[in-house]
């Protein structure tokens, strides 16, 4: 039933589950407050009749989405995330219902950066961002040492390969 | 050997001023001719602002020309530009992915041309454009670049033989007539007229005049018919001339290193790309061309292609299919287009038809709430959605042979892409819950181009997707 391909093995930090729960809660709360405010103005200023229907539908969708993305989704996403790098490739895998496998040759890596927001900083975690010639990819929530080490490793592999690549291509 | 920094050809100034006048034409017409005698209210203010702005532009263009220099070195080109903020960049020749020249009417008048060198980077400064340059200078720069390529290619060979350039295709009058008919350019007058109408309408209120014109023609139907016939004849002539200007004198030639495409009458353009910098080949077949068994082949390149409407990277777009395929095989022996490809398994058709019809649902929902008497439109949308899914299923096909992957997609108009493993930048394999039930998966791969070229194929047998993933993992 599953794809018969080599899968990456290294997980991301489990602390990201609570971080995602927090950030999603904040995001949904802000959206609900805005929708509530719109509902209030709608009632106070008698907007066109169909607007309140639309707002009710949006609030309903937001509540469903909140239950899903705060309570259900985070552990699944965290458990399904795997990555691996070697001299040749960066390999990423994530998603449970929809599985995504990404394969990026080191020669095509253009830059690699680490960053952290306030929530990640609290847990001493980093995002690792890998930019290629065509797009960019994010590995969320790596412990500090791992992130820094990976960053320099990828930078090294990508650089060494680039020189060889130029000659071949 | 290194040349001194040079300024652009002085007529650059003229070109900039002409283009400024062209852009400001309607402002000038309105402010200084039609309302020339009005010296009060906002018109006066608009005149003052326009004069200040024009004065500034005239000085700024002059300064820009003065500070903008370029210098051709042995293996790079150095540019210095900027009036207030200085900018200095150096572009190595080997980074240049393709180059094109374009000679329009004004260029021709002064025996000049324009030259654009495209590098592969994604930022806004990815190209070097000489909007005015003498033919000799352009030839000198191109020669340098091409020599550079040749040196990089045959490092060890002592003697650099001048590669022989062979012409593979030259368009005839018959081709041009065929092109004019298939591109429907004889209808070109209508977009031209409507563009002119809206442009004029921005400044003068035409609506009322138009209405009274309608009234007039209603009364004189014979006159209207005559006018229509004249307009059609005029349109055919204009369409033919347009086609000649755009596709006349089409010449495709190549040597060992590069492919050259030249085209156009009066407004000529050339495009040249190093053979191994071709990222992929795209074959487009809109409905009308499929009926006539014609194809349009484009060479995908990492560098941008400048102005979209010039379509410089296309091989002659009105060529018979077998002719075009044979041409690609001769031009790029490294690429071989296959006609027989693998189709999707039958069960995928059910899967495709089962996927939710979001478009139909949205149309239905909106009509239900706002325009219930139009609800029947939902049915039409639904039938079209089913039809396009069936066609999509019938046309989607793929083939992986050796270093190549070839994919085809589309319903009413289809698109085939052929690329090499080394030219694929990254891949993604997607496997959803419903796809697992059907033992299929999706694959996505990106090619360098501007903008990035992403090909996505859904619902392939999972064994083929897995094999593709492993195949890509074995590159080099």
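Every residue gets a Cβ built from N, Cα and C, even glycine.
Feature annotations, courtesy of TrEMBL:
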DOMAIN    B:65-144  domain 'YdbS-like PH'
DOMAIN    B:252-330  domain 'YdbS-like PH'
DOMAIN    B:393-471  domain 'YdbS-like PH'
TRANSMEM  B:12-36  transmembrane segment
TRANSMEM  B:42-63  transmembrane segment
TRANSMEM  B:179-200  transmembrane segment
TRANSMEM  B:220-241  transmembrane segment
TRANSMEM  B:349-370  transmembrane segment
TRANSMEM  B:376-399  transmembrane segment
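If you count C-beta pairs under 8 angstroms between the transmembrane segment (B:12-36) and each of B:42-63, B:220-241, B:349-370, B:376-399, the highest count goes to B:42-63.
Sequence-distant neighbours of the transmembrane segment (B:349-370) (same chain, 6+ residues past either end, Cβ-Cβ under 8 Å): 377-378, 381-382, 385-386, 389-390, 392-393, 434-435, 438, 440, 459. Summarised as a single figure, the pLDDT of the domain 'YdbS-like PH' (B:65-144) averages 82. Each residue of the domain 'YdbS-like PH' (B:252-330) gets a DSSP state, and the totals for helix, strand and coil are 21 helix, 35 strand, 23 coil.
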